[in-house]
Amino acid sequence: MTIRNQRFSLLKQPIYSTLNQHLIDYPTPSNLSYWWGFGSLAGICLVIQIVTGVFLAMHYTPHVDLAFNSVEHIMRDVEGGWLLRYMHANGASMFFIVVYLHIFRGLYYASYSSPREFVWCLGVVIFLLMIVTAFIGYVLPWGQMSFWGATVITSLASAIPVVGDTIVTWLWGGFSVDNATLNRFFSLHYLLPFILVGASLLHLAALHQYGSNNPLGVHSEMDKIAFYPYFYVKDLVGWVAFAIFFSIWIFFAPNVLGHPDNYIPANPMSTPPHIVPEWYFLPIYAILRSIPDKAGGVAAIALVFISLLALPFFKEMYVRSSSFRPIYQGIFWLLLADCLLLGWIGCQPVEAPFVTIGQISSVFFFLFFAITPILGRVGRGIPKYYTDETHRTGSFWP
């Protein structure tokens, strides 16, 4: 190839060379398992949500008198509208399933540890943005659960000292959840996914600065292979499995993950017997309800994200992977069971014994983050590969 041809080659252009560096020639540890495929699946879910959301917005009307009917118009009159709506509604659930698995994989293999602190913190920010985006999106159909869910959750801001009531009034655009609230939520719901894209790109760039973690929790620059074609094929298998799983929900059980009360138009004069959020909010909602005081519940929710953000800054552990840490491994599986229990408690009535079970489960949830630094020092004697300040070398802890 001549110098002139090299200059005008597509692969030599900055954007293509960047894509080639991060998606094709990206050096990847050779022992990655299928658990490392959820990052790309999360990206696919985000693209699905944006594409379907843009088309749904073309037919949606953000007005309290027309929102519910416009959703029904999409379902009944727009060609393929039912598919767009079911893909978008169930796509949110799939997105959270993938991200929850991604988070628990990171906890199991300690992917938050040095030098990937920034990667983990960006991931927590993305998770928080997802929660906000999904919540305001749940309000848009303007059904009973949409209206009352918005009323209950936004009212939590009143627990903030001094400025709480002002924030609630600003969120509502008035003195109750009404048309101004719906318009604000629609605007934010359209904007936030694009902010999520930017945060995801930063997350990917931060990850590729130091490379991916691996099941052994060791660091090595030698035992790496190109992402394409080796791990691209492994990811492709995961994409096909995800497409099948996603299709089952869309075509055979499109409303199972939703709430039947949301097929009733919003009525400010009639409160549902039991107000519950979408299933992916239930563990956090259970923690919120486990504390009778509103301010305490809001503080507990804030502590959930503070605990996640603080994980990378605990003292460095001797061994990263839970494969070599049986004590931590047992505690991790208890945490997973605890989160599932919190999810179940979140959809139960606020009465005994569910309140007590929720309080015990919430205590264990925070206890996990409290004892993680201690467990990180257990397991001395397991080999750890580290990076010397002057040169990369393999070594073991004595």
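Our numbering is plain: 1 for the first residue shown, then up by one each step along the chain.
Cβ atoms are placed via backbone N, Cα and C, with glycine included.
Since this is a predicted model, take the numbers as computed values, not measurements.
Annotated in Swiss-Prot:
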type	residues	note
TRANSMEM	38-58	transmembrane segment
TRANSMEM	82-104	transmembrane segment
BINDING	His88, His189	heme b b562 binding site
BINDING	His102, His203	heme b b566 binding site
TRANSMEM	119-139	transmembrane segment
TRANSMEM	185-205	transmembrane segment
BINDING	His208	ubiquinone binding site
TRANSMEM	231-251	transmembrane segment
TRANSMEM	295-315	transmembrane segment
TRANSMEM	327-347	transmembrane segment
TRANSMEM	354-373	transmembrane segment
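All features noted in Swiss-Prot, drawn onto the structure.
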{"residue": "His88", "record": "heme b b562 binding site", "DSSP (3 states)": "helix"}
{"residue": "His102", "record": "heme b b566 binding site", "DSSP (3 states)": "helix"}
{"residue": "His189", "record": "heme b b562 binding site", "DSSP (3 states)": "helix"}
{"residue": "His203", "record": "heme b b566 binding site", "DSSP (3 states)": "helix"}
{"residue": "His208", "record": "ubiquinone binding site", "DSSP (3 states)": "helix"}
Original post:
If one measures from the C-alpha of His203 (heme b b566 binding site) to the C-alpha of His189 (heme b b562 binding site), what distance in angstrom results, rounded to a whole number?
Top reply: 21
Subject >> Neighbour-count leader, CB within 10 A, binding-site residues: His189, His208 >> reply: His189
Original post:
Looking at 82-104, 185-205, 231-251, 327-347, 354-373, which one has the highest count of Cβ pairs under 8 angstroms to the transmembrane segment (119-139)?
Top reply: 185-205
Original post:
Is the transmembrane segment (38-58) packed against any residues at least 6 beyond its ends, judged by a Cβ distance under 8 Å, and which are they?
Top reply: 74, 84-85, 87-88, 91-92, 94-95, 98-99, 101-102, 105, 186, 189-190, 193-194, 196-197, 200, 204, 207, 235, 238-239, 242
**OP:** Give me the non-local Cβ neighbours of His102 (heme b b566 binding site): same chain, 6+ apart in sequence, Cβ-Cβ under 8 Å, ordered along the sequence.
**Re:** Phe38, Gly39, Ala42, Gly123
**OP:** Return the residues near His88 (heme b b562 binding site), defined as same-chain residues 6+ apart in sequence whose C-beta is under 8 angstroms from its C-beta, sorted by sequence, else 'none'.
**Re:** Ile48, Gln49, Thr52, Gly53, Leu56
**OP:** Mind pulling out the one from 82-104, 231-251, 327-347 with the most Cβ pairs under 8 angstroms to the transmembrane segment (354-373)?
**Re:** 327-347
**OP:** Note down the number of other Cβ atoms within 10 Å of the Cβ of His203 (heme b b566 binding site), including every protein chain shown.
**Re:** 22
Original post:
How many Å lie between the Cα of the residue listed as 'ubiquinone binding site' and the Cα of His189 (heme b b562 binding site)?
Top reply: 29
